[in-house]
Structures are given as structure tokens and as C-alpha cells.
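The next block holds one structure in the form of C-alpha cells; read it before the comments.
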């Protein structure tokens, strides 16, 4: 009973923080003509409720795709329809066709915020709680609640979901999939991940680790016996899950092709993930902390490489960067390796793939949250950097106060819960095998903990200074995007270092942990 009492307090605290953040501004508030993501979600409710399914993804006189046209998979559309049905019962003006465009009021804001709360309570938060209770190391009563508290107080997700405005459903469903696989419920895990992928196509960031882990499991069981049976069941489960999600569109090939064109608009080019997110011409429209936007500060990639070539280069670099982790996971499938692979593959996609949005860093951050009990120092550091990388977006949404409160609070909770500054040895960082392989070649490894702590404090200082400058100091007129670009470049440098680190942990891990439930 005591552990559930502690967990209840944890959840109440997490909900209180979410409620406080939701009282502030949201994406595009009072900023016509496009407004922002809040209006996009409301508009999808308007479209899905008032138009027949066959028109949801097509440009018509009633559905102008240039005004926040649906560009997510069917489950997002179905969810919008459910929300719209409830909205219609409360106030039909909220989803009235055409006349509701740009609708803003306090009652409607309360309704929209509530829908995010409900999604959090029904999908994401229960998955986090069950995950923390399932951890092997959480035999102590307080351990599960402290781990859950750190995950649920991760500021990046709170600020985007309950501030900027976004639903946590795809990440929550992906977390349920991880939870199912950890208990060997492979078919249920496959269903959960298919639902996540059919809610947001960005879940492709996590698809290869799921595929490689389950395929490796089939290989391990033997493809002439139980492994073949499992592989057949998994294939059938995936096909049935996709068929159920796409059933209303499956009767017409043109419908399917139009949805796919909306989901993957490759003709926009490398940087056109969200062309309405910035009012100024920039080196990168979204100021995303990935390699392409950082390189664009020096080389105008858009001017020297055609969109098709950009796609090919992006695909090749992304594929090569995630290949080592995927091969290791297929050959040696383990839950520990699976969780680390979720991080490295998602981070590779974020850094190198095509049409990346700044919010996509959350697809890396949530898997990192799952490792906070294993590598608390590096996980905390990454989660702080990922929140910092969102700063230009948060400032645009007037979420500075929420950012300034939740980020230090998260750091304080991690310091108190895990004593992270004391967990910087090679063994604590899962680098013991790597350090042994370097023994005799690198003399400074003895001072490694001190060096890592110094780099961490330097990183915090740099992020703090850039945060203050971004919020309080006007940029030079000749460089209006100086601070947002600096935030992106600094964050990108961090993420590249983290990618190397996580790959080292995976590739040098020789321990057989495949039989552990959760590590």
C-alpha cells in the first residue's frame, strides 16, 4: 500500500505541474492568419466532423489543405473526430465548418486542454507507472515512485503537450509497446506499436529497434520451429492492425495514395517540415538542432543540392548511422539493448533524416527517460539539453516562465533522487567495457569522472547563458536569428556527442541480459 501511496503523490504532483503549465499560452494564440498547432488540432476536429472520410485528406472547397490540412495517419483523424463529437455537444460553434476558423475563447481553451489531460491520464501516465513498477531494481518502495517522478516531470514533454499543445498518444502507445515486450507479450506489443505508428508517422523513428528486436528473437528461437511460428504471428498481427486502422480508406487506391502523399511530402525539401513556424528567412526554417540546419549556417544546402539529392543523402547518412545498433540488436536481442537502440535510432533520425521538426526530439527523450534508472547522469543531461533545444519554439509560444521553472525543478528532482553528480564513473555510465579496451592507450581515463562532471557543469552554464540572452537581450539587427541559431548549433553538438556515447554503450556491451525482464 505504501508504494501505491507514494506513486499517487507522484502522479498528483505531475498533474499539478501540467495544470499550471496549461494555464499559460499555447501555439499561435492570437496570431492570425495561420495561428499555430492549437488551431491545427481544432481545425482537424472541424474537418473530420463535418466532412465525409473520403474528403479528409483531399483539397476541396471545404478543406483547404494549405490551412492546416491533415498530414497525420488515420488514428489522428479518428481521435480528432471523437474530440469534435464531444465539442459539438458542448458548443457547436467550436467545430462549425468554415466559421470556426481561428476560434479562441476561455471555455474552448479549457476543453482543448482537458482533452490533452485525458489522453495523458488514460495512456501515457499509466504506462510510465507500470514501467517503473516493472523495473528489476525497484524493489525498494521509494525507487519506483522516484523514477516515475523524474520521468513525469520531464519538462520537454510537459511544455510541448500542455503548453505549446500536442497530444501524448503516440508516445504513450509506444511506451505501452515497450512495456508489453518487456513481459514477452510480443503480439500485444506489436499491436500497441502499430497503433502508435498509425497515430503519428514519426514513430518510424522507433520502428527499426522494434523490428530488429523481434526479428532477432525469432532467429534466436530458430526459424525452423518456434521462431517461424512467432514470426508468422507477428506478421499477421501487424497486417491486421494496419488493416483495421486503414479500413475506411482501403476501398480506394487513390485514397490510400493521397493519405501517403500527405504523410510524406518529400517534394517540400530537406528543411520544409513546418513551413509556417517562422516569420523570417532563416538558415533553417525551424531552427532544428540537427546536422542539416547546423551545417546550413555555413553551407546553404538548399541552394547547392536538389531536393531529390537531399533526400538520398539524408537517407544514406541516417541509414549508416543507425546500422551498427540495429545489427547488434538483431544478432544479440536483449531488452537492455532494445531500449538503448530506441535512443540511438531515434537520435540518428532526428540528426540526419528528412523534414525534421524541433518537437521530434521528444521521440528521443522518452526512450532516454526509460534509462534514467540505469544511467541517471547521462539521461538527466540529455533531457536537459533536449528541453533547451526547444527554447526558440517555447519563446515564440510565450512559455518562458514555464521553461524557467520546470527545467531547474527537474534538475533538482534528479539530483535529489539519483545523486547524479556521484554517478560519473566509467562503470556508472556503462562504459567499463569500453574503458578496459582503451586501457594502456588513453592515460586520462583515470580522471574521467572529474572530466565528465566538469563538462556537465560547463554545458549547464552555456545553456543557462544562452537562455538568458535569448529571453532578455535583443539580437543585432543584422543577425535577427543569432540566438535561436546558437541554441540549435549548441544543442546539435551535444546530440552528436550523445549519439557517439549511446552507440559505444551498445556496441561494447558484452553482457548477456536477454533473460532479464527489465534492466
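The backbone N, Cα and C atoms fix where each Cβ goes, glycine too.
As recorded in TrEMBL:
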type     : residues : note
SIGNAL   : 1-22     : signal peptide
TRANSMEM : 110-133  : transmembrane segment
TRANSMEM : 145-167  : transmembrane segment
TRANSMEM : 173-197  : transmembrane segment
TRANSMEM : 227-249  : transmembrane segment
TRANSMEM : 337-354  : transmembrane segment
TRANSMEM : 361-388  : transmembrane segment
TRANSMEM : 400-421  : transmembrane segment
TRANSMEM : 455-473  : transmembrane segment
TRANSMEM : 485-508  : transmembrane segment
May I ask for the residues of the chain that lie six or more residues beyond the transmembrane segment (145-167) and have a Cβ under 8 Å from a Cβ within it?
3, 6-7, 9-11, 13-14, 17-19, 21-22, 24-27, 36-38, 41, 79, 112-113, 115-117, 119-120, 125, 128-129, 132, 135, 138, 359, 361-362, 365-366, 369-370, 372-373, 380, 383, 386-387, 390, 393-394, 397, 399, 402-403, 406-407, 409-410, 413-414, 417-418
Quick tally over 110-133, 337-354, 361-388, 400-421, 485-508 of CB pairs under 8 Å to the transmembrane segment (455-473) gives the top stretch as 361-388
Using a Cβ-Cβ cut-off of under 8 Å, list the residues of the same chain that are 6+ residues beyond the ends of the transmembrane segment (337-354) and lie near it.
178, 181, 204-206, 208-209, 212-213, 266, 270, 290-292, 310-311, 314-315, 317-318, 321-322, 325-326, 328-329, 360-361, 363-364, 367-368, 370-371, 492, 495-496, 498-499, 502-503, 505-506, 509, 513, 519
